[in-house]
Amino acid sequence: MLPRGRPRALGAALLLLLLLVVGFFLFGRDPEYGLGTTATLDGDPYGSRNRSTSSLQLLLPPKCEMLHVAIVCAGYNSSREIITLMKSVLFYRKNPLHLHLITDAVARNILETLFRTWMVPAVVVSFYDAEELKPLVSWIPNKHYSGLYGLMKLVLPSVLPLSLARVIVLDTDVTFSSDIMELWALFGHFSDKQVVGLVENQSDWYLGNLWKNHRPWPALGRGFNTGVILLWLDRLQQIGWEQMWKLTAKRELLTLTATSLADQDIFNAVIKEHPELVHPLPCVWNVQLSDHTLAERCYLEAADLKVIHWNSPKKLRVKNKHAEFFRDLHLTFLGFDGKLLCRELFGCPNQFPPGVEQLQQALAQLDEEEPCFEFRQQQLTVHRVHITFLSHQPPPPRPHDVTLVAQLSMDRLQMLEALCRHWRGPMSLALYLTDAEAQQFLRFVETSPVLSARKDVAYHVVYRDGPLYPVNQLRNVALAQALTPYVFLSDIDFLPAYSLYDYLRASIEQLALGRRQRKAALVVPAFETLHYRFSFPNSKAELLTLLDAGSLHTFRYHEWPQGHASTDYTRWREAQAPYRVQWSADYEPYVVVPRDCPRYDPRFVGFGWNKVAHIIELDAQEYEFLVLPEAFSIHLPHAPSLDISRFRSSPTYRDCLQALKEEFHQDLSRRYGSAALKYLTALQQSRSRA
């Protein structure tokens, strides 16, 4: 697997090198800085504070020493930021990492799934509940936009394991352009009394001269910025850090109403009183791009940059002389394929996450010359998954509520706005995207008034990996994240009737599915139009008129009639009440089922039989199929996907699909015994007809 990803990784490395060269010409030739002098801020009263790391003799840690990093992360936005931060760290790192993540419930749910599916070697992740820390800092008034989470770095020494001696603490809005090992090595320059390493604040905030009557917290000179911190934890315990910062904060709050910069104000107040505790770090380890930054005095040339800190509320939109260069560096990692960072640290033992070695062994046993190799490989692929990629407000619990579940790729984004107009209830959608496409999708939603207004739609990004579309894996991701008792298993190219959401909830209640524990799959009849523009029917009566006029058709009536034949459209035309239908070969209706229904079979990738296998599973588990008389959904025309084109043109593709069908039936026989015989018989009959 490594040789296949190497050209892409090399390309990304060359792009970063190009950015550094451009930066040299941007910064290195500017006479304001000069190439032969050391960058300082106002004469650098601490001497070594602003020296580039290259001017220090680094005491690098052993090759396989574990480096510990602590990050406070809460909410949906920070959960996206931390991924870009980690990409930049992983790109340069040469040491194993142990991440200590202080998270709320939202971030933990997202990041546990992400790191479990990312499967990066030599990375250990531990989680700590931020809710348990809130009482420790909730007494501190804070005006900073980060709220209570912005104060939690103060209590890290009492939260992290006692066995942990040192830790690097990072904000989520920083980007590395160097090996984090070099930052860790700066612990070796601490004196015996120094317990915290910080970069000087690169603005005049703590000088109190930014505007009239500006009264900041006390600080030593310009003060220090806490976006990047080296904490010597056992020394902090020895000096009574908890009592020290609390006494300082309580004293200052007698005259200052609140903190403005969260933990940073309190760190600076303590350092003002105890300057011997701080070890000033070279400024290049925290180049701060705030609204009033003086950071350009720090860097001499692009190669000096170690960490970029987007510490303005405006983030990437901040005004800065060299903002475009910094943004390009950040955007490089934003769109970088995270799969390419799953490389081994050669020579370091015990570095694989659980399951990786077994997966590698299974992949190694595959024969690349075998005709169905792509199918076998895709089945074994573990995709990175970022659940709830955007802000999400779950609906309040209701006993008969229904979530629409679907999956899509980048070429179907245009369906989302129409779908939101048709379906008023919650949705759980899985999107198959590259890292770069995920950022395009983010901007697409943010700029759409329709999509940005819908907070009950949960988007889950499954990152692309492999040549075949993992349709059932995507469905399972979306299904697993549905929060309502029932789910409508649909496809992205279908628009449901405007009234379908309310009608489904009413039908579930009338049929008493919940009270009777009835195993039922409610069938939503599927239709299609071949016109890109048509008047969507508001009722069953209008739909029948369009059907009779030839503007609508039963779904796939001319290509795959057996797929929906059991729905019995002739009976549906006159039906006034739900009616039961029997399973038949190749039946694949769109159904409403309980959330805990069987999952889709992930072996089916690409085109063909992915829904059919799921309906067989429902029938094998004795679900009854009930067709709803007033429900309908209409498929809109679109260009054929790559997978359906391959299915139509490649005999090998069709042979591989047939092999998957046979394996599926063998598994059915093992699980259901003689009850599964009817499915195998139906398969053999359909094969003889073909």
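Yeah, the Cβs are placed from backbone N, Cα and C, and that goes for glycine too.
Straight from Swiss-Prot, the features:
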{"type": "BINDING", "residues": "Asp171, Asp173", "note": "Mn(2+) 1 binding site"}
{"type": "BINDING", "residues": "Asp491, Asp493", "note": "Mn(2+) 2 binding site"}
{"type": "CARBOHYD", "residues": "Asn50", "note": "N-linked glycosylation site"}
{"type": "CARBOHYD", "residues": "Asn77", "note": "N-linked glycosylation site"}
{"type": "CARBOHYD", "residues": "Asn201", "note": "N-linked glycosylation site"}
{"type": "REGION", "residues": "67-342", "note": "region 'Xylosyltransferase activity'"}
{"type": "REGION", "residues": "343-686", "note": "region 'Glucuronyltransferase activity'"}
{"type": "TOPO_DOM", "residues": "1-7", "note": "topological domain 'Cytoplasmic'"}
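Features as recorded by Swiss-Prot, highlighted on the structure.
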{"residue": "Asn77", "record": "N-linked glycosylation site", "Cβ contacts under 8 Å, 6 or more apart": "Ser391"}
{"residue": "Asp171", "record": "Mn(2+) 1 binding site", "Cβ contacts under 8 Å, 6 or more apart": "Ile71, Thr226, Gly227, Val228, His309, Asn311"}
{"residue": "Asn201", "record": "N-linked glycosylation site", "Cβ contacts under 8 Å, 6 or more apart": "Ala219, Arg222, Gly223, Phe224, Asn225, Gln264, Asn268, Gln288"}
{"residue": "Asp491", "record": "Mn(2+) 2 binding site", "Cβ contacts under 8 Å, 6 or more apart": "Ala406, Gln407, Tyr590, His635"}
{"residue": "Asp493", "record": "Mn(2+) 2 binding site", "Cβ contacts under 8 Å, 6 or more apart": "Arg412, Met415, His635, Leu636, His638"}
Can you see whether DSSP assigns Asn77 (N-linked glycosylation site) to helix, strand or coil?
helix
Would you count the other CB atoms within 10 A of the CB of Asp173 (Mn(2+) 1 binding site), including those on all shown protein chains?
21
Using DSSP with the three-state reduction, classify Asp171 (Mn(2+) 1 binding site) as helix, strand or coil.
coil
Take the region 'Xylosyltransferase activity' (67-342) and average the pLDDT across it for me.
91
